[in-house]
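Comments concern the structure below.
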Amino acid sequence: MYNDDELQVKVNKLSSTKTQLPYDYYFLDYCKPEAIKNSAENLGEVLRGDRIENSVYNFKMRRDETCKVVCRSKLSPEAAKNFKEKIDDEYRVNMILDNLPVVVPRQTREGSQTPSFEHGYRVGYKIKDDKYYINNHLSFKVLYHEDPNSPDARIVGFHVIPSSIKHEYSAWDDKNPTVQTCNANNKITPGSHTPQDVVPEAYVVFSYDVTFEASEIIWASRWDVYLLSSDSQIHWFSIINSLMIVLFLSGMVAMIMMRTLYKDIANYNQLDNQDEAQEETGWKLVHGDVFRPPVHSGLLCVYVGTGVQFFGMTLVTMMFALLGFLSPANRGGLMTAMVLLWVFMGVLAGYTSSRLYKMFKGTEWKKITLKTAFMFPGIIFALFFFLNALIWGEKSSGAVPFGTMFALFLLWFGISVPLVFVGSFLGFKQPAIEDPVKTNKIPRQIPEQAWYLQPAFSILAGGILPFGAVFIELFFILTSIWLNQFYYIFGFLFIVFIILIVTCAEITIVLCYFQLCSEDYHWWWRAYLTAGSSALYLFAYAIFYFFNRLEITKLVSGILYFGYMLIISYAFFVLTGTIGFYACFWFVRKIYASVKID
């Protein structure tokens, strides 16, 4: 940008970590431009509650301004009440200049070299005597980086220091507003003047300064301030901790595989040692029942298909994020990518659910396809619709507008459902998956099981390790969602995701082997639920996080938090359950295929 080029500050939502309900900037009685224009938004931005509009703050590149008066506003009783409520709930104003969010410099701790910033500035503050003061003067600082080869300069930082000041003036002129409280020689800083209190019928004058400062920061790394992660040691610790779990489980799986295969070889060599034969009979005894279709086999097919759809979406989203396509500079990009990928992965859901259904000798493939297309999205949509109605009732800008709701319905019914049918049709046309051993006509009786092999105990125990592998990373994800931080450590997240896959697979295989050894062949659902139970621990951790980290006091905000965490936990259940199921499916087919059954 060249000298004197127009710079327009855009305003985004008012946000608060105490209520989690975003509001439109002009919900409060701020100065309005002649015509409020909404900037083009993508689907992700609307779902996040971002509402980006033009404002009265306009600068000229590299031209400092002091004490520029914007407008005078008379606070009606309603406007004063709104300001007080938003100050009580610690709302912050978010602004954007050249796609950079505004930040407020924090007091740096002694000995700390790196500066730290807060996103957005506070609407105002409250003093002990229950008086409310509004931040009506903004001191902007725009950092720019000069191109050594041309007169061009690029914006690399956007800082603000808000102040409250009761402006004084002799006579008010709307066309040429001037105030006596500040001039070129008299800079306003927080606390330097009498603050402007919030009282009905009071006149509030809004003003600003802007200074331009050359900076060493290059344009490519201007986002580093927002993404500075001082916690990389914690992430490494988390990964090493998770790798220990994986190594332990891998050792167990390797031992089981070696032991079973070794016993088989011993058998083929006709080592008829009675004790040995006694020990190895366990899982081989149930060979005639192990591939018997489970109860509610259709529902299992639906959940496995949905899980594959979710797995595909997660994997591809992470690939895009690793390649840098979904950086926070591209607002709403992550959310848009997830929604669209979910829709297109419908093919995989239909294909896997119908292939599994055919293996279970099912014939009503259209019924299973409909369930796959509507069950999981239907539950999520119903929850989402309920939460959206609550947000709408609070008049928050976080409520998804009717048009966007219609667009989501269109994506679901117009693209996702047909794709699920296409996948199902292709899957059902494939030859059925053959079982490695024949199933007996009459089901075998299952002997009495030890307490630690009871379904409830082994399912709950199975979820602990997958959750343990991800819970430290989960803390950072929850902080980015609920405390308005940027999450950009997708490299760490990808490593943790791989560890999660391996942990889910291995714990399920180990527990499945113990189950089969005790002659219990009902492993289909158990495999899914063993890994899926980690979602229970995730939800329990969300409850712990709510009471320990968040300051939410409003009932609606609490319902929103638990509603969204329920959706996340349900999705996690479907994802981990499917990983566990497929690992166990592969393992069972592998060991029974290696045994010669007479």
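Glycine residues also receive a Cβ, built from the backbone N, Cα and C atoms like all the rest.
Under the heading transmembrane segment, TrEMBL lists 236-258 (among others).
According to TrEMBL, the transmembrane segment annotation covers 300-326 (among others).
Beyond the ends of the transmembrane segment (332-352), by six or more residues, the same chain brings 41-48, 50, 304-306, 308-310, 312-313, 316-317, 320-321, 325-326, 369, 372-373, 408, 411-412, 415-427 to within a C-beta distance below 8 angstroms of the stretch. Feature annotation from TrEMBL assigns transmembrane segment to 332-352 (among others).
Sequence-distant contacts of the transmembrane segment (373-393) (same chain, six or more residues past either end, CB-CB distance under 8 Å): 21, 302-303, 306, 346, 349-350, 399-400, 405, 408, 412, 416-417, 420-421, 556, 559-560, 563-564, 566-567, 570-571, 574. What TrEMBL lists as transmembrane segment is 373-393 (among others).
Annotation comment: TrEMBL describes 405-428 (among others) as transmembrane segment.
Per TrEMBL, transmembrane segment is recorded for 449-482 (among others). Through the fold, the transmembrane segment (449-482) approaches residues 17, 20, 231, 234-235, 237-238, 241-242, 245-246, 249, 489, 492-493, 496, 499-500, 503-504, 507-508, 511, 514-515, 518, 520, 526, 529-538, 541-542, 545, 549-550, 561, 564, 576, 580 of its own chain, all at least 6 residues removed from its boundaries and within a Cβ separation under 8 Å.
The transmembrane segment feature in TrEMBL is assigned to 488-514 (among others).
Residues or ranges marked as transmembrane segment in TrEMBL: 526-547 (among others). Tertiary neighbourhood of the transmembrane segment (526-547): same-chain residues 300, 303-304, 455, 458-460, 462-464, 466-467, 471, 474-475, 478, 482, 504-505, 507-508, 511-512, 515, 558, 561-562, 565-566, 568-570, 572-574, 576-581, 583-585, selected by CB-CB distance under 8 Å and a gap of 6+ residues from either end.
The transmembrane segment feature in TrEMBL is assigned to 559-588 (among others).
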Report summary line: For the transmembrane segment (236-258), the distant same-chain contacts (Cβ-Cβ under 8 Å, at least six residues beyond its ends) come to 465, 468-470, 472-473, 492, 495-496, 499, 502-503, 506-507, 509-510, 513
